[in-house]
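Structure first, then comments.
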């Protein structure tokens, strides 16, 4: 049984990876022009799916439902935060950035603010944000690989490092939209099948979204009987302000994440950017609407089928998960029965362990493993590429060695990928937090640096170079300091912990940018016109106070 | 290139901004608004069986976000047509405009 599970999981992972690579090779052969032009011909619906695959990482796939399960209502900040950010992005930034027409966020910041220093700081911020994010991805792949090979999650992480370094060094694969469309489809099927099966098992309904409300209410009832606070009771695991701060951090971070914004540069027009944003959130929403259902069903099964069993007749799945060090079961009161409160389950294994707990069969479990690997590897690969392009292009080529050859830049890029992956892997060996928490730090950093820089850059023509430089530096400093002070020093304001740090970073950066900009020289008339021009569609051009139509 | 009357150009951006502000107000109330008053919104919903505040966090807000994005895409298209914007021309203008360093 155990062996057959291993082979089914491995086969499914290999088949799905075969599909991705196959599509990549097929497209590469057909592709005549430039790398980015390929996605121009892709209709917004499929571009939306590709954004979805890029977006949904190990945090969404592996971590989120577990986080919601353990935090109850307070975990919903992740659901609303990671979807609501798309509105800020699509209304306020994406179409405008598309009209400005640069390929990367550091390029936009450098050119809009007309500052080399701003470009370099933006490149450094991209590296810090993507690095933090990828620690979460590696730690996620560690969970999956660890379970698959029945080894400690740390050994799983090391295997993940090798896979990701290889995957990212392949390079171009990432940019091919159709590969990502395939990744999205596999990922969403893998996620929905167990939710639908559990819904059938527990509520007899094939539509979990409509049926799990009663399960949530019933969980509250079970908690009351055990004398615990209800599952859905608000602000039990953190203050109201922590919820608000975390939700803001995730939303603003979404609107400022470099590897997501890049996807909107490659659409054809501002109109296509708006439609891509809408389709992307629809496809992402399917997973985000299902995660709380997943959480409720998992908790229900654990509370009713697992808790209350004699401790010496526990099913086989418990042992394999205990081996990964992410599940602890102890009969603390020595009555021979396992109680709900005696199960210590890590956020990060809930999604992967539930299909086993619910006995959904080897195929579903294998599919989950394949989906999780797609989520972790595709996002980590993309992050590594954005780290390497920031270093090799924005810093090495634009600043350090302006006359470096293409081959030399490619070489520097590859070295960057390999060293960044290894470094991130070393950090992930002993993860400083749960996957969703680590990823939330990356969002906090993005909301403290890029969100203010982009928002003011697009909507306030008076914002200038000195303003954005001091804004980004102050935002980065405030966010980092708050994360460290809250995580390691126990420092909090209004109960806001590390994951909500972005609200302070963003506020500080916006104020700094405005104050410094107003006290220094206004940007040139040309720059100011270019900013005003972003309010109009491509056919209209703003110049010297007049709008012209082409 | 022909010059557009200042009043028309201003009307265009005013109309776009007006809708964006409306959408963002709805966005704020279904997410931040509901969270602020979560304690007093815990009544159980008919049919679905959720406590209301939980439903809004898990489903209501997300569905509203998706609807707002599609409404925005549709309405913006409509405004563009009203001001005589031709998407074909947009595509032509923007293709090749992206700078590649």
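Heads up, the Cβ atoms here are built off N, Cα and C, so glycines get one too.
Annotated features in TrEMBL:
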TRANSMEM  A:46-70  transmembrane segment
TRANSMEM  A:76-95  transmembrane segment
TRANSMEM  A:116-135  transmembrane segment
TRANSMEM  A:155-172  transmembrane segment
TRANSMEM  A:184-202  transmembrane segment
TRANSMEM  A:241-265  transmembrane segment
TRANSMEM  A:277-297  transmembrane segment
TRANSMEM  A:360-389  transmembrane segment
TRANSMEM  A:410-429  transmembrane segment
TRANSMEM  A:435-460  transmembrane segment
TRANSMEM  A:467-485  transmembrane segment
TRANSMEM  A:491-516  transmembrane segment
Subject >> Most Cβ pairs under 8 Å with the transmembrane segment (A:360-389), selected from A:76-95, A:184-202, A:435-460, A:467-485 >> reply: A:184-202
Original post:
What residues in the same chain, six or more past the boundaries of the transmembrane segment (A:277-297), come closer than 8 Å to it by Cβ-Cβ distance?
Top reply: 44-45, 47-49, 51-52, 55-56, 60-61, 64-66, 68-69, 75-76, 79, 82-83, 86, 89-90, 94, 184, 187-188, 191-192, 194-195, 198-199, 202, 208-209, 212, 215-216, 219, 231, 264, 350-351, 354, 358
Subject >> Outside the transmembrane segment (A:467-485), six or more residues from its ends: residues with CB under 8 Å to it >> reply: 109, 113, 115, 117-118, 121-122, 125, 128, 441, 444-445, 447-450, 452-453, 456-457, 491, 498, 501-502, 504-506, 508-510, 512-517, 520
**OP:** Find the member of A:76-95, A:116-135, A:241-265, A:410-429 that has more C-beta pairs under 8 Å to the transmembrane segment (A:435-460) than any other listed stretch.
**Re:** A:241-265
Original post:
Any residues 6+ beyond the ends of the transmembrane segment (A:76-95) with a Cβ under 8 Å from its own?
Top reply: 60, 64, 67-68, 243, 246-255, 260-261, 264, 270-271, 273-274, 276-278, 280-281, 284-285, 288, 291-292, 436, 440, 443, 451, 454-455, 458-459
Original post:
Mind checking which residues reach the transmembrane segment (A:410-429)? Cβ under 8 Å, same chain, six or more beyond either end.
Top reply: 127, 131, 134-136, 138-139, 142, 154, 157-158, 160-161, 164-165, 168-169, 380, 384-385, 387-389, 391-393, 396, 404
